[in-house]
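Asks: Swiss-Prot lists these features:
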CARBOHYD  Asn64  N-linked glycosylation site
CARBOHYD  Asn246  N-linked glycosylation site
CARBOHYD  Asn300  N-linked glycosylation site
CARBOHYD  Asn403  N-linked glycosylation site
CARBOHYD  Asn436  N-linked glycosylation site
TOPO_DOM  1-16  topological domain 'Cytoplasmic'
TOPO_DOM  38-536  topological domain 'Lumenal'
TRANSMEM  17-37  transmembrane segment
Amino acid sequence: MRRRGGDSFRRAGRRKISNVVWWVLSGIALLLFFLILSKAGHIEPRPSIPKRRYRNDKFVEGMNMTEEMLSPTSVARQVNDQIALAKAFVVIAKESKNLQFAWDLSAQIRNSQLLLSSAATRRSPLTVLESESTIRDMAVLLYQAQQLHYDSATMIMRLKASIQALEEQMSSVSEKSSKYGQIAAEEVPKSLYCLGVRLTTEWFQNLDLQRTLKERSRVDSKLTDNSLYHFCVFSDNIIATSVVVNSTALNSKAPEKVVFHLVTNEINYAAMKAWFAINMDNLRGVTVEVQKFEDFSWLNASYVPVLKQLQDSDTQSYYFSGHNDDGRTPIKFRNPKYLSMLNHLRFYIPEVFPALKKVVFLDDDVVVQKDLSSLFSIDLNKNVNGAVETCMETFHRYHKYLNYSHPLIRSHFDPDACGWAFGMNVFDLVEWRKRNVTGIYHYWQEKNVDRTLWKLGTLPPGLLTFYGLTEALEASWHILGLGYTNVDARVIEKGAVLHFNGNLKPWLKIGIEKYKPLWERYVDYTSPFMQQCNFH
């Protein structure tokens with residue numbers, strides 16, 4: 001079948017029109033694409049944000065509030081002075097139980113403070129006009145306070161009364177603290193009492209222990225050998241005495257030449273012997289002798305003034321009655337320990353050790369941390385007592401310990417003479433006997449039977465007895481104060497003998513904690529007796 005020519009012409013025309021349409025559509029699409037791109041690339045400017053104007057921009061150089069308050073002519077100064085006075089009156093009003101008036105004053109104080117605050121905020125001075133009503137209202141209240149006798153004179157009287165009441169209260173608290181501290185210092189710790197009981201039991205049950213100690217003391221010629229280093233301790237405290245002996249032995253360059261003469265009382269005699277018999281092998285060859293003062297037949301009331309005074313009813317009442325003497329005499333002065341023969345035995349050393357020529361006396365509250373053999377070669381220049389002086393401050397001069405209102409003291413002793421300390425003393429017993437030092441002690445002890453020359457302890461009679469007979473030793477030999485005050489660590493490190501004098505003994509709970517390790521390092525906590533009695 002033949003195709004007609006017209007049909008072929010129409011088909012070619014339709015194809016041409018179709019191509020044109022596609023080209024037109026493509027062009028439109030391209031135009032739209034470029035239009036979109038141009039819109040995306042163009043960033044329209046944002047509307048500008050007006051800059052915020054802060055209040056500080058409006059500030060101008062204005063009033064200095066400090067200068068305004070200090071100016072005597074300013075209104076602010078007047079308002080501030082009223083506030084200060086009103087605050088004082090508020091306190092007095094409250095103490096006087098006038099609570100309504102105190103509230104009125106407080107309210108007006110707040111109003112005045114608001115007035116000052118507004119002036120400081122706007123940085124311009126207060127004017128008379130704006131502050132007149134506030135000042136007037138406060139003045140009315142201050143006038144009322146004066147009418148109520150809240151003026152300066154009354155305030156001063158009230159303050160004086162308050163101060164006096166506080167001082168009395170503080171004095172009462174201080175006195176109670178002193179009493180309780182004294183009681184705590186005098187109390188025997190339960191563990192120490194337990195140790196004494198257990199050691200006493202061990203001594204009487206262990207016959208081998210008794211036999212060993214007797215044999216050793218019978219053949220020991222060291223006890224009277226004056227070429228050796230003789231130390232004496234008078235104590236009823238087993239642990240304290242053991243620390244003195246242990247520390248001396250461990251720090252001695254020649255412990256085999258060290259001899260300790262211990263004197264205790266009847267109650268602790270067996271326990272003291274048991275302790276040193278058990279621990280003798282730990283003392284590096286140190287010789288230890290234990291005695292009790294009850295065995296000294298010469299120690300009786302006919303010879304010893306202190307024992308004679310103990311038979312006096314007034315003395316017994318003073319120390320043992322328990323009456324408080326209306327508080328006139330401090331409790332520490334009435335301590336019966338100051339009549340103990342273990343305290344006064346230091347004045348009888350030549351009688352206790354008749355064969356010895358030189359001894360070093362140690363208190364039981366000391367720790368030895370250096371070799372002490374050099375003490376025995378010190379020249380005392382014909383003096384009897386070698387001691388460390390304590391007169392770096394006026395507190396430790398003679399007038400501190402003695403009653404210089406008494407003519408006998410005033411006529412014989414310089415009040416500014418330098419004091420010294422018991423606790424570590426070198427005694428030349430040859431000179432002692434030659435000068436009859438014990439007789440001098442007896443003289444002054446008998447003169448003080450009514451306690452008018454001195455009140456307390458063994459140091460005052462010691463100062464009188466050894467007056468002019470004492471050679472000053474270098475200070476590092478004897479460091480004092482570890483039982484009541486702070487001591488420089490460098491001084492402690494250089495010290496040969498550390499003394500825990502005072503109430504705060506290292507074996508008590510009230511002892512100064514930072515000094516306890518100096519003492520505890522010489523305590524044998526591994527001992528079964530110590531562990532049984534809960535020593536720690």
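Glycine is treated like the rest: Cβ placed from N, Cα and C.
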Asks: Highest CB neighbour count within 10 A among the glycosylation sites Asn64, Asn246, Asn403, Asn436?
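Replies: Comparing the glycosylation sites Asn64, Asn246, Asn403, Asn436, the most crowded Cβ belongs to Asn246.
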Asks: Have a look at the glycosylation sites Asn64, Asn246, Asn300, Asn403 and say which one has the shortest Cα distance to Asn436 (N-linked glycosylation site).
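Replies: Among Asn64, Asn246, Asn300, Asn403, Asn300.
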Asks: Three states by DSSP: which one describes Asn64 (N-linked glycosylation site)?
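Replies: For Asn64 (N-linked glycosylation site) - judged by DSSP and reduced to three states - the answer is coil.
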Asks: Non-local Cβ contacts of Asn300 (N-linked glycosylation site) (under 8 Å, 6 or more apart, same chain)?
Replies: Leu307
Asks: Three states by DSSP: which one describes Asn403 (N-linked glycosylation site)?
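Replies: In three-state terms, Asn403 (N-linked glycosylation site) counts as coil.
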Asks: Measuring Cα to Cα, how many angstrom lie between Asn403 (N-linked glycosylation site) and Asn64 (N-linked glycosylation site)?
Replies: 65
